[in-house]
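Listed in TrEMBL for this protein:
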type	residues	note
BINDING	B:Ser8, B:Arg41	L-glutamate binding site
BINDING	B:Ala76, B:Ser77, B:Trp102, B:Thr150, B:Asp169, B:Gln192, B:Asn234, B:Thr235	pyridoxal 5'-phosphate binding site
DOMAIN	B:5-345	domain 'Aminotransferase class V'
MOD_RES	B:Lys193	N6-(pyridoxal phosphate)lysine
Protein chains: 2
Amino acid sequence: MKKHNFSSGPSILPQEVFEQAAEAVLDFNNSGLSLLEISHRSKDFVAVMDEARALALELLGLENKGYQALFLHGGASLQFAMIPYNLLGANQKASYLETGTWAVAAAKEARLFGEVEIAASSKDANFNYIPKEIGVSPDASYLHLTSNNTIFGTQIQSFPEVTIPVVCDMSSDIFSRELDFSKFDYIYAGAQKNMGPAGVALVVVKESILGKTGREIPSMLDLQKHIKGESMYNTPPCFAVYTSLLTMRWIKNNGGLAAAEKRNREKAALLYAEIDRNPLFKSTVQGEDRSVMNATFVLTDERLQERFDALWKAANISGLTGHRSVGGYRASMYNAMKIESVQTLVDVMKEFEKQA
Amino acid sequence: MKKHNFSSGPSILPQEVFEQAAEAVLDFNNSGLSLLEISHRSKDFVAVMDEARALALELLGLENKGYQALFLHGGASLQFAMIPYNLLGANQKASYLETGTWAVAAAKEARLFGEVEIAASSKDANFNYIPKEIGVSPDASYLHLTSNNTIFGTQIQSFPEVTIPVVCDMSSDIFSRELDFSKFDYIYAGAQKNMGPAGVALVVVKESILGKTGREIPSMLDLQKHIKGESMYNTPPCFAVYTSLLTMRWIKNNGGLAAAEKRNREKAALLYAEIDRNPLFKSTVQGEDRSVMNATFVLTDERLQERFDALWKAANISGLTGHRSVGGYRASMYNAMKIESVQTLVDVMKEFEKQA
């Protein structure tokens with residue numbers, strides 16, 4: 001019996017994607033060959049990469065606007081270094097909005113390449129809100145944002161308007177909502193939340209912001225080389241790219257980002273309503289900063305933990321334990337999660353209240 | 001019907017590995033969850049990574065000798081930059097044996113970090129041999145070798161003895177033969193030939209050679225950080241690691257490297273004997289430098305190409321076309337290839353001779 005998987009990442013993907021990916025491992029496109037054993041330069045795989053790159057731009061509404069989509073090795077963590085390597089000159093400054101663990105990690109890598117200013121930080125309150133007043137130097141090379149903070153359960157709902165290029169880590173909410181993505185110059189996302197399995201990152205970059213630092217860049221970190229190589233500068237992580245393509249097709253076939261956002265808001269509303277109503281639970285984030293993807297909450301009486309844990313595990317729920325830096329619980333409700341799974345969790349919370 | 005897949009990479013893996021990998025995509029270890037949707041910090045996946053790291057050292061006979069095995073993002077191409085980043089100080093020199101396209105690419109990246117000397121090169125003859133006389137500065141930080149040259153069909157059979165650390169790209173012959181691996185200080189291999197699917201690289205490094213350059217290294221390129229993180233500094237490419245583990249288990253269960261080498265030598269002997277015997281074919285590499293993994297050969301009469309191509313395609317053979325820089329044909333006979341597939345190719349070559 002399939003579990004209700006609230007894991008924060010790697011995380012749930014659509015069941016049909018699992019089935020199609022497994023089939024491709026056995027026999028890809030009825031070719032008599034596994035997806036894992038065919039050349040990345042073969043006609044069949046080039047078609048996968050081309051469709052994946054085009055569909056990423058299509059879902060974001062960024063076709064024919066000077067953007068390139070790339071599927072790269074290294075996850076979002078390698079992007080933390082690639083961004084300053086490609087965008088931050090040695091005597092330049094970059095501005096980082098510090099909203100959580102990953103934003104801090106991204107800024108740390110940038111300091112190896114140039115000056116870093118912190119536009120604002122919510123570290124004072126264990127990152128339980130998104131700072132609204134931010135100070136960005138107009139001469140900074142770029143502003144770096146993290147749109148959704150998986151660990152702390154916060155999400156930027158209203159993006160700052162600035163005149164410099166905006167770089168955004170959308171690892172945990174890519175393809176989960178409609179936005180005017182043309183306001184961003186560099187979007188990146190590790191696949192393993194809303195897009196695919198671990199082992200690949202999507203980078204969507206406006207070509208015009210590249211090539212300005214005068215720095216020599218190792219080939220595998222050079223975005224212009226990856227663009228020239230049509231995202232196959234070296235052998236790409238073929239299985240992770242293909243499975244990401246399957247997920248993007250699923251998103252498109254189910255109404256695109258508008259429908260995904262509607263489903264995600266319904267799931268989040270259902271769960272947050274119960275967290276707010278049920279006296280045994282308390283949200284760790286208030287108001288508009290709450291993430292639609294990851295709801296973090298704690299017990300009002302920690303002595304009841306064992307009893308609650310037994311209840312949700314018995315209901316075939318998994319992956320609900322919160323990150324050690326927040327504690328409590330975290331329900332990740334990515335694109336592929338059905339509202340029935342959230343309802344199961346809400347039912348468990350109500351049952352817990354009855355029994356307490 | 002399954003094809004005889006001579007692809008140079010991504011390439012054939014054992015059929016049971018495809019079946020086990022596909023099953024894990026549907027349901028991992030009967031957990032009710034896909035391998036793709038579980039946390040890399042979960043007990044089940046940590047066990048995969050631990051076993052993969054231990055088994056890599058065991059197969060190479062390098063347990064308890066100061067080596068660490070890592071499974072990293074980025075393929076061998078990212079290693080081209082990570083090696084000098086970690087080993088080559090700004091005022092130091094590294095020595096590269098230039099035996100093909102990948103050796104040239106590796107040396108190119110090193111030039112961004114320090115001085116590069118070419119210990120020897122076979123570029124003069126389109127890399128169709130392995131240079132035997134090499135000049136290595138005794139004060140070089142390391143000597144870089146490529147043990148097998150997929151494109152040109154050459155392989156180092158006797159390794160140079162030097163007093164400096166030896167770094168070796170074994171992407172296309174890892175786990176294919178017995179060697180005294182303790183003579184190497186840094187072994188690396190993109191998975192997609194003998195070890196697994198594209199999207200992960202194995203790095204086996206002697207810890208004592210690290211941390212000596214005084215250079216600040218971006219976290220994702222810092223081998224000491226990856227060692228400290230037990231190969232999970234960030235979310236690893238879980239599926240590629242697991243499939244590599246399945247392949248390593250298969251190698252171990254089938255007699256380890258000694259048996260793999262015996263099978264590989266039998267396959268290569270069968271094919272090279274036919275190339276040498278059949279007047280319609282000519283090997284592009286002579287004598288001891290011939291690769292046991294990749295046999296490269298051309299037609300003595302190129303006008304017969306269409307006829308030969310039709311014959312091998314009709315025999316359900318795929319992936320036989322040579323790399324554009326050599327032309328002709330390339331038969332890659334990695335660990336997972338059965339001798340029956342090589343026999344099928346040999347039979348086609350004999351039939352071709354009869355018909356010509």
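Placement of Cβ uses the backbone N, Cα and C atoms for every residue, glycine included.
Everything TrEMBL records as a feature, shown here on the structure.
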residue	record	Cβ neighbours (10 Å)
B:Ser8	L-glutamate binding site	25
B:Arg41	L-glutamate binding site	12
B:Ala76	pyridoxal 5'-phosphate binding site	26
B:Ser77	pyridoxal 5'-phosphate binding site	22
B:Trp102	pyridoxal 5'-phosphate binding site	21
B:Thr150	pyridoxal 5'-phosphate binding site	25
B:Gln192	pyridoxal 5'-phosphate binding site	32
B:Lys193	N6-(pyridoxal phosphate)lysine	31
B:Asn234	pyridoxal 5'-phosphate binding site	21
B:Thr235	pyridoxal 5'-phosphate binding site	23
Roughly how many angstrom lie between the C-alpha atoms of B:Trp102 (pyridoxal 5'-phosphate binding site) and B:Lys193 (N6-(pyridoxal phosphate)lysine)?
14
Measuring C-alpha to C-alpha, could you say which of the recorded positions B:Ala76, B:Thr150, B:Gln192, B:Lys193, B:Asn234, B:Thr235 are within 10 Å of B:Ser8 (L-glutamate binding site)?
B:Thr150, B:Gln192, B:Lys193
Same-chain residues at least 6 apart in sequence whose Cβ lies under 8 Å from B:Asp169 (pyridoxal 5'-phosphate binding site):
B:Ala76, B:Gln79, B:Trp102, B:Ala103, B:Ala106, B:His144, B:Leu145, B:Thr146, B:Ser147, B:Tyr188, B:Ala189
Between B:Ser77 (pyridoxal 5'-phosphate binding site) and B:Lys193 (N6-(pyridoxal phosphate)lysine): CA-CA distance (Å):
14
Listing the recorded positions B:Arg41, B:Trp102, B:Thr150, B:Asp169, B:Lys193, which lie under 8 Å (Cβ to Cβ) from chain A?
none
If you average per-residue pLDDT over the domain 'Aminotransferase class V' (B:5-345), what number do you get?
97
If I take the alpha carbons of B:Arg41 (L-glutamate binding site) and B:Ser77 (pyridoxal 5'-phosphate binding site), what is the distance between them in whole Å?
27
